[in-house]
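One structure below.
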Amino acid sequence: MTTIDVKVLDARMADQLPAYATPGSAGLDLRACLDEPLELAPGQTVLVPTGLAIHIGDAGLAAMILPRSGLGHKHGIVLGNLVGLIDSDYQGQLMVSCWNRGSAAFTIAPMERIAQMIIVPVVQASFRRVEDFAASERGLGGFGSTGKG
Ligand SMILES: O=c1ccn([C@H]2C[C@H](O)[C@@H](COP(=O)(O)OP(=O)(O)OP(=O)(O)O)O2)c(=O)[nH]1
Ligand SMILES: [Mg+2]
């Protein structure tokens, strides 16, 4: 298992460090470090602090913030940026952009689990300029070029 440095920025998170809920979990739940309930009107987006900062410190890793399926599917609470990407050199607070894409108001309770984070491998590439590519089967085809269904 990979070890990542974490800072507790909100004392309420001190005994809630990110942890996998089950041995096979991919996601680590993030909580809304709010002082009071926050009502999100339909269409509204708010940036919610998590009370945690991580420093991944390895360019071969990143974290991604994703919606929780229950909140997204049942209540329309997803992410304003669709997916959050946490760079390995970011040391600030993990923030969750919460977007109510639904048609009813939703109230986020303080310390509610509002999103989840996964740690993923990353390949950093350098780019070599060329005039022509080695031929591939696909070539320039894209955007449905292989047909539908
Ligand atoms: O949902 C998110 C997305 C990003 N971040 C933090 C970590 C990330 O490393 C940093 C920058 O994110 P990104 O590169 O996606 O945003 P940007 O708009 O390009 O900002 P910057 O110019 O700071 O890179 O913001 C979060 O806390 N939550
Ligand atoms: Mg950026």
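Cβ coordinates are placed from backbone N, Cα and C, and glycine is handled just like the others.
TrEMBL: automatically predicted annotations, no manual curation.
Among the features that TrEMBL reports, domain 'dUTPase-like' is placed at 17-147. Among the features that TrEMBL reports, substrate binding site is placed at ARG68, SER69, GLY70, ASN81, LEU85, ILE86, ASP87.
Structural mapping of features recorded in TrEMBL.
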{"residue": "ARG68", "record": "substrate binding site", "DSSP class": "coil"}
{"residue": "ASN81", "record": "substrate binding site", "DSSP class": "coil"}
{"residue": "ILE86", "record": "substrate binding site", "DSSP class": "strand"}
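A C-beta separation below 8 Å, combined with a sequence spacing of at least six in one chain, links ARG68 (substrate binding site) to GLY27, ASP29, ILE77, ARG113, ILE114, ALA115, GLN116. Looking at the residues that bind substrate per the record, ARG68, SER69, GLY70, ASN81, LEU85, ILE86, ASP87, the two CA atoms farthest apart are separated by 26 Å. Only LEU85, in sequence order, out of the binding-site residues SER69, GLY70, LEU85 have a CB under 6 Å from ligand 1. Per-site Cβ counts within 10 Å over the binding-site residues LEU85, ILE86 peak at ILE86. For the binding-site residues SER69, ASN81, the ranking by surrounding Cβ atoms (within 10 Å, all protein chains) places ASN81 first. The Cβ neighbour count for GLY70 (substrate binding site), using a 10 Å radius and every protein chain shown, is 10.
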